[in-house]
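Everything below concerns the one structure shown next.
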Amino acid sequence: MFLLSLLIKIITIILPLLVAVAYMTLAERKVMAAIQRRKGPNIVGVFGLLQPLADGLKLFVKETILPSSANIIIFILAPILTFLLALVSWCVIPLGEGMVYSDINIGVLYILAISSLGVYGIITSGWASNSKYAFLGALRSAAQMVSYEVSIGLILINVLLCSGSLNFTEIVLAQQSIWFVIPLFPIFIMFYISILAETNRAPFDLPEAEAELVAGYNVEYSAMGFALFFLGEYANMILMCSLTTILFFGGWLPPFNLTILYWISPTVWFGLKTTFLLFGFIWIRSSFPRYRYDQLMRLGWKILLPLSLAWVFLISGILLSFNWLP
């Protein structure tokens, strides 16, 4: 019975996530088409709603080509590792009060640890491919993710100081009177920029810069290997936006403390906020040119890192001065 309940819990996390990832790709193509005054995918199904299924089926039935010079075992394991790590993080994300697989007291630390492991899948795929383009993309990715994780860690300290807990549910409940995005708005902007870089999204998509690296670390992958990298990237995007919703936008809490707003399911509020942040990802991708690699590193180490550290001192000072520590 325990194994059955465990399996049901895992399926209830994974299936909605996979559907969300599939339709996130469609939403991205539709929104970018609207911004660029195109139609976007509209052939498969009504308004192109079956396009993700067609894409998934196409990748599933394609032949997996293994490069003759590649390290085959690591080459196959790398995309699986990337995808699994993107899924494991979801077990501590609360979609509503009590709607979480594992409500651990060190949820923030757990997410940081898992996200830092994600770089291994990418760097091993670049190395195992035995291709200079793939390896260069993997090295860029490793440096980029490590650089911005430092800033993310320091930014999270500010939220932890205001909430007094590493537990995601308690962080959300600490925002019942006011969402943290209002007093910590500059920190939210820094965090949003950092998660764009952490998820390798435009304008920080240096590891897979199509124009210069022919798709980057996954250049040698086809069929399901490519699909797993793709799914992992989009699952990470949704995860980071969900994390931002929890840390700054009050998680599943409605925007105003009105009884009528509590009639709406908490999952709906959570989904709306996450969708809004995901739209920001797509909008930024459509609007901004790609950074040069030296600009990316300078932004991470010389601007975001000192600023996030300064904010830790400032927030600590304010909370201690006014005796506001939770």
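Keep in mind that glycine also has a Cβ here, set from the backbone N, Cα and C atoms.
Noted in Swiss-Prot for the protein shown:
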type	residues	note
TRANSMEM	1-21	transmembrane segment
TRANSMEM	41-61	transmembrane segment
TRANSMEM	72-92	transmembrane segment
TRANSMEM	104-124	transmembrane segment
TRANSMEM	152-172	transmembrane segment
TRANSMEM	177-197	transmembrane segment
TRANSMEM	234-256	transmembrane segment
TRANSMEM	268-288	transmembrane segment
TRANSMEM	303-323	transmembrane segment
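Counted over residue pairs 6 or more apart, the CB atoms of the transmembrane segment (177-197) and the transmembrane segment (303-323) come under 8 Å in at least three pairs, which marks the two as touching. Simply put, out of 1-21, 72-92, 303-323, 303-323 has the most Cβ pairs sitting under 8 Å from the transmembrane segment (152-172).
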